[in-house]
């Protein structure tokens, strides 16, 4: 009990630690929800090139995670710790590159390379922030209960970060009406005497320049929040070297450690389960703005619908923390993530109705909260299980976290690239006020049928995950004895 009291974290420390998770979620949410529609309708790129940018950027983001994990494992301890210097020095450069993603360069050629380069640079720098921050979970306390509590604080702030990302980006951009062009086919059906010159007239009043400026203002606000959160994290959290070390620790090479990690059954099964469920929500995230704008017809409401989802998720994080404490983490996975299925089906089957859409958005947010909280709450349990099986290996926490993120990001990059290509094949009209029926059908599949299938597959795979509540308690006791 005396040892546990020394390991307890103050509420202030937990809050400062939690705030560090906001930058990744704020920027990730803004990019996830808005980058696709920005590239297509504001930067006016061809859907094929937009799919290349989204795929290559996400794939590169995935590759950088194990690379950064490798370099972190080789980083010596300093007076600030081993992880904190990565967070501090990457922040200013990440903010600059993030702003340039939302800037439309005044060049006739090279726009694709502009977005591709700065998207990849930002993903590299934000990885240099997030991988060490994720691994920091294992260096703030040795107590499972304290780490779980800090993770709950972190997930609450991270989901709040998604709310901020959605609110800042959505509300600033939503104040400006993005001009669109009526389809010639639609005009010919409604008024055959329309002159061809009128095809170039925008459907809504508003300037494309105003829309571009709104995106840059939102990027500036989000960049300021990124810096503020990094400062609070670096000042308020102390990285404890002893929190992750056992009495018998000896250094082990990175590649041997990587082999040990990838051969750890509990880790592979956890990744397999959450890979598909995370992919389902990422696919929904990437296409939801287009779905609301074109399929549902809520061009001026989609940012508020997104905000409803994220507010619901934020408010229910404490509920899921209580639920997993009371009934166990595996039970929370089945109940929390599967609850999204009927609502995903409902939004695609029912006719377009704004009230029903808001109800579905609030209900879906409850499931989003579970999908946010549970993977990060369960990874430390897997690491503890690994340490018991390999007590002579240490310093591999970053490998566990970075490779989990690697697999999730890489598959999400593939899915987003394929989904944008699917829209191209379906006949997506850049800046169109409406889209062909084939595009609307494709969007329904991308936000309903495909995510439901991925969730069901992930839950089936999760049946193989071996660490239940009894196993977790035994591991805690064994680790205390080993230390």
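Keep in mind that glycine also has a Cβ here, set from the backbone N, Cα and C atoms.
Predicted, not measured: the structure shown is a model, and the values here were computed from it.
TrEMBL lists 15-39 (among others) with the feature transmembrane segment. Same-chain residues lying 6 or more positions outside the transmembrane segment (15-39) and placing a CB less than 8 Å from one of its CB atoms are 9, 45, 50, 53-54, 87, 91, 94, 98, 101-102, 115, 122, 126, 129-130, 133, 136, 140, 150, 153-162, 164-166, 168-170, 173, 215, 218, 222, 225-226, 229-230, 232-233, 235-237, 282, 285-290, 293, 306, 310, 416, 420.
Residues 20, 23, 27, 31, 35, 38, 42-43, 68, 72, 75, 111, 114-115, 118-119, 121-122, 125-126, 128-129, 131-133, 135-136, 139, 212, 215-216, 218-220, 222-223, 226-227, 230, 233-234, 237, 239, 398 of the same chain sit 6 or more residues outside the transmembrane segment (83-105) yet have a Cβ under 8 Å from a Cβ within it. Sequence annotations record features per position, and here TrEMBL assigns transmembrane segment to 83-105 (among others).
Sequence annotations record features per position, and here TrEMBL assigns transmembrane segment to 112-133 (among others).
Marked as transmembrane segment by TrEMBL: 214-237 (among others).
Annotation source TrEMBL lists transmembrane segment at 266-284 (among others).
Residues or ranges marked as transmembrane segment in TrEMBL: 304-324 (among others).
A Cβ distance under 8 Å defines the sequence-distant neighbours of the transmembrane segment (331-349), meaning residues of its chain 6+ beyond its ends; these are 273, 277, 281, 284, 320, 323-324, 356-357, 360, 363-364, 366-371, 374, 444, 447-449, 451-452, 455-456, 458-459, 462. The feature transmembrane segment is assigned by TrEMBL to 331-349 (among others).
Taken from TrEMBL, the feature transmembrane segment applies to 355-377 (among others). Remote same-chain partners of the transmembrane segment (355-377), defined as residues 6 or more beyond its termini with a Cβ less than 8 Å from a stretch Cβ, comprise 134, 137, 148, 151-152, 154-155, 158-159, 270, 274, 277-278, 281, 292, 296, 298, 305-306, 308-314, 316-317, 319-321, 324, 329, 332-333, 335-340, 343-344, 346-347, 404.
According to TrEMBL, the feature transmembrane segment maps to 398-421 (among others).
Here the transmembrane segment (441-465) has Cβ contacts under 8 Å with residues 266, 269-270, 272-281, 283-284, 287-288, 290-291, 294-295, 330, 333-334, 337-338, 340-341, 344-345, 347-348, 419, 422-423, 426 of the same chain, all six or more residues outside its ends. As annotated by TrEMBL, transmembrane segment applies to 441-465 (among others).
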For the transmembrane segment (304-324), the distant same-chain contacts (Cβ-Cβ under 8 Å, at least six residues beyond its ends) come to 29, 33, 152, 155-156, 159-160, 162-163, 166-167, 170-171, 174, 288-289, 292, 298, 331-332, 335-336, 357-358, 361-366, 368-370, 372-374, 377
